[in-house]
């Protein structure tokens, strides 16, 4: 560390005549204090040489007296022995992602939603935002007066604004003030235990200052300053090692080293920005106060933040940060807005695995031109055929891009992309590269138009594109290697063949090891083969074999649903089983016959017909029957008009005597369609206790509202009770 101002010699205030234990404790406290001044306050008070001398003295003392070594000693940051792998960590509070905004309108709509959710009126969005730009030496000095003028009514929502760091999200768990665990975000539910590596990051305190909660889980970002990144790459180049493409990749790669000693040599930093768990301490009333509290505990918190009111304050912050983005000492890809009051955050809650009270406002993506060398297709896990442009390498948005999504065939036609074209490539949201436009004046004479393949490049099955859909799909769902894992998981789910114990991890191993290729292969599995899988004991293997054996006896509608035919859900599977009675009747049906089935329209009929027409799918069905999968069959039933056919219902709230699933079954048995959201096409809303926004929307649209008794009365009136 380089001192900004020289202090007295570090040892001048050391106690004299102290014991080794007292001296070691004093050294630890001094080193942590100097680290706090350097990394948190950005105000070092001693030169590097003095710090190093204290550090070496403590190392020597602990080596001479091993009993004095403590887990939170600064000497423990140097890294221990290499790990064989990272353990998984289940986040007690999920690390959710944020919804993104890219345009000013997205921010205005976000503010409006927050205000409405909190029961506040919102002013009309301003036509322009004329807040003066901040002076070059002060990012936020120009905003306060403009914000006050824009929110004179005092009714606007208050937000905490922060930078969105381009690093790696991290969870730090402190118990009684001591760091006990660090984990990556992972998929939000489960991350990796990187405690040994995080302990080497000098910016992260091993012991919190002052009075800390009994449990505090801090959320933040591990990143690398640009200057540190440049120095690291220079060292890598000098030693003949591979250099990193950008600070984010360097930070992520450094943190995920199995050898903590390598991580210890990498200049990683950290900023705290949120909290997961907190026990033994009252939470502050606002997000901004919580960040202030973090700083008092010795956690690094970015100073580039502000509390504002309303959409204008948010947009002013975004604009000012954007103007200074290139001058900041670290990479950011946007700013983050959070409703400041914690009580209001709780009132707004969450939707679709993201908080309603927060928004990540991304900066405009960077764009570059390159050439399309080829257009290939990729097959997704659900069979979606996605065209991908293979590009001449181009450095854009901080990375070298060689591929870009073209989304679908219509998008290629709309943008008129040809093989050989010069195109503008953008990293949408600074993450996913995409082709934005073609530079037509540079089109070569030998440019070739893209032709969507008629056969799947993975399994050779027919490629279908249903009317009204933009995505083409492989029809070989049961045999296509690209779809194999998803097909098996769907086949085994509770509402299909109900094979308990056949989850993600088991399916992943069975497919990756080549043990299972189609659902029929499941019925060849024995205990020995399953027990050989990772984390699969003999008892678990025996239970899974028993569950597979039990699934041989099923119902025709469950079997049809388990096949994973596109657009065929549980209700349609029941209709097909009831209508045809025997599976062979279904397999022999053409589109005209399928259209005779209740609630089967042209799109569903075409999807079923395409599935049946694929020989590989019929072959797997026969293999399953040969493996002993069976069900009771009946005689076909003629289609009869159902009393509520054509009527759409929506269920909301808690019904007094039945579950919503039971109510749904009754309504569907009478021919009704049960939808998940209210629209002008909704005929009835059945509302129970604590009905929410669906009931409000129904009342706004004038949709008929029934309670459970009213629904049962209606069913009785039409003879469907």
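Keep in mind that glycine also has a Cβ here, set from the backbone N, Cα and C atoms.
For the recorded site, residue 164 (active site, N6-AMP-lysine intermediate), the DSSP three-state label reads strand. Long-range neighbours of residue 164 (active site, N6-AMP-lysine intermediate) (same chain, six or more residues apart, CB within less than 8 Å of its CB): 332, 333, 334, 335, 336, 360, 361, 362. Taken from Swiss-Prot, the feature active site, N6-AMP-lysine intermediate applies to 164.
A C-beta separation below 8 Å, combined with a sequence spacing of at least six in one chain, links residue 338 (NAD(+) binding site) to 159, 160, 162, 287, 345, 355, 357, 358. The DSSP secondary structure for residue 338 (NAD(+) binding site) is strand. Annotated NAD(+) binding site per Swiss-Prot: 48, 49, 50, 51, 52, 97, 98, 162, 185, 221, 338, 362, in sequence order.
As annotated by Swiss-Prot, Zn(2+) binding site applies to 456, 459, 474, 480, with the evidence given as sequence analysis. Reduced to three states, the DSSP call for residue 459 (Zn(2+) binding site) is coil. On its own chain, residue 459 (Zn(2+) binding site) has 474, 476, 479, 480, 481, 482, 616 as residues at least 6 apart in sequence with a Cβ closer than 8 Å to its own Cβ.
Per Swiss-Prot, the feature compositional bias 'Low complexity' maps to 1-19.
Taking H, G and I as helix, E and B as strand and the rest as coil, DSSP gives the domain 'BRCT' (639-721) the counts 29 helix, 17 strand, 37 coil. Marked as domain 'BRCT' by Swiss-Prot: 639-721.
Here Swiss-Prot flags 1-23 as region 'Disordered'.
Of the binding-site residues 98, 456, 474, 480, 474 has the largest number of other Cβ atoms within 10 Å of its own Cβ.
Residue 474 (Zn(2+) binding site) falls within a strand when secondary structure is assigned with DSSP. Most buried of the binding-site residues 50, 52, judged by other Cβ atoms within 10 Å, is 50. Rounded to a whole number, the C-alpha distance linking residue 456 (Zn(2+) binding site) with residue 98 (NAD(+) binding site) is 35 angstrom. Highlighted in sequence order, 379, 383, 457, 458, 460, 461, 463, 475, 476, 477, 479, 481, 482, 483 have their Cβ within 8 Å of the centre of the Cβ atoms of 456, 459, 474, 480, the residues recorded for Zn(2+), and are not part of that set.
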